[in-house]
């Protein structure tokens, strides 16, 4: 998506800290009209699959997932909750996720009521980097005996291992911008 | 909203733990079609005010705020981030919120870039209970020299002090269901 690449370039000042900044439209302030364009693009990419449920992770995946849902006949959205506490509630699926950016491990949890056997689940998130969060969501879907029809992310950090890890696990991945961060700037693949 | 009251009754089993459960449609699984009805009701309630921005708080406010935005000409949404860490970044507004349900104090933060002087801000959230979170959002809007045009919540716990506190602060509050929890069940006001 050209407009997405433009916005990524506008927000990102690589000389300063090498971080992709999308807080003006995606993960702090949200441009809802632009999210609608993103949602249409997800629908285009996944027009060939049946989607019974959209699964995402709090907090910045939620806005993208609910606007995407409108393109998939308002299919229900479930967002995994993050928790630091040891929680053994048997009504939930749990997975551990290691976050490199925060250098910490957290649990994500999804109620067993809301992902059920045989459902076709589309996973939606803002970023794909090392793939740990997406794979944890996939593992929850598998525990529920449901099917992952694909993972759709707005921005893929193409110099990290996320895509490789998902493809090795047999998961289809669609990203709307593939960003390669080099010392001298950003390139799109 | 009659449909909202019906759903609150369906999800809530007061004999068990006296907690209002809306995780089947609002704060874990999200019914996007129903959120659209909620959004239309917010538009009806606040049809008399100019809204330049919608402010909410992660995580469960986000879905409601972005779908509400579609009824207000896709006005930008900003969600306050919760943080437990001592953060002194001068580019952000900070407020402390004490959570009774979690018995802990956390900071919320909003970038100074995204709430600006003179803007008309509508605050949207899932619950109003003791009002602490809503008042903290109002304080951030005031620090930015912007105007709170109102607070819209899906569910108000009418036996707690939130409404009184907001009204004493001169803030207009609209709630789509006013729930009074008694020992023998739920009543709607």
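Heads up, residue numbers simply count up from 1 along the chain you see.
Placement of Cβ uses the backbone N, Cα and C atoms for every residue, glycine included.
Around residue A:27 (xanthine binding site), the same-chain residues at least 6 positions away in sequence with a Cβ under 8 Å from its Cβ are A:60, A:126. Here TrEMBL flags A:27, A:157 as xanthine binding site.
Residues annotated as domain 'Phosphoribosyltransferase' in TrEMBL: A:33-161. Taken through DSSP, the domain 'Phosphoribosyltransferase' (A:33-161) splits into 37 helix, 48 strand, 44 coil.
Sequence-distant neighbours of residue A:129 (5-phospho-alpha-D-ribose 1-diphosphate binding site): residues of the same chain at least 6 apart with a C-beta under 8 Å from its C-beta are A:100, A:101, A:157, A:160, A:162. Annotation source TrEMBL lists 5-phospho-alpha-D-ribose 1-diphosphate binding site at A:129, A:130, A:131, A:132, A:133.
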Could you list the residues of the same chain, at least six apart in sequence, whose Cβ is under 8 A from the Cβ of residue A:133 (5-phospho-alpha-D-ribose 1-diphosphate binding site)? A:57, A:97, A:99, A:108, A:125
For residue A:130 (5-phospho-alpha-D-ribose 1-diphosphate binding site), write down the residues of its own chain that are at least 6 apart in sequence and whose Cβ falls under 8 Å from its Cβ; none is a fine answer. A:100, A:160, A:161, A:162, A:165
Applying a 10 Å Cβ distance cut-off over all chains shown, what neighbour count does residue A:131 (5-phospho-alpha-D-ribose 1-diphosphate binding site) have? 25
Can you tell which of A:132, A:157 has the most other C-beta atoms within 10 Å, given these are the binding-site residues? A:157
Using the Cβ center of A:129, A:130, A:131, A:132, A:133 as the 5-phospho-alpha-D-ribose 1-diphosphate site position, which other residues in that chain lie within 8 Å, going by their Cβ? A:97, A:100, A:128, A:134, A:135, A:160, A:161, A:162, A:165
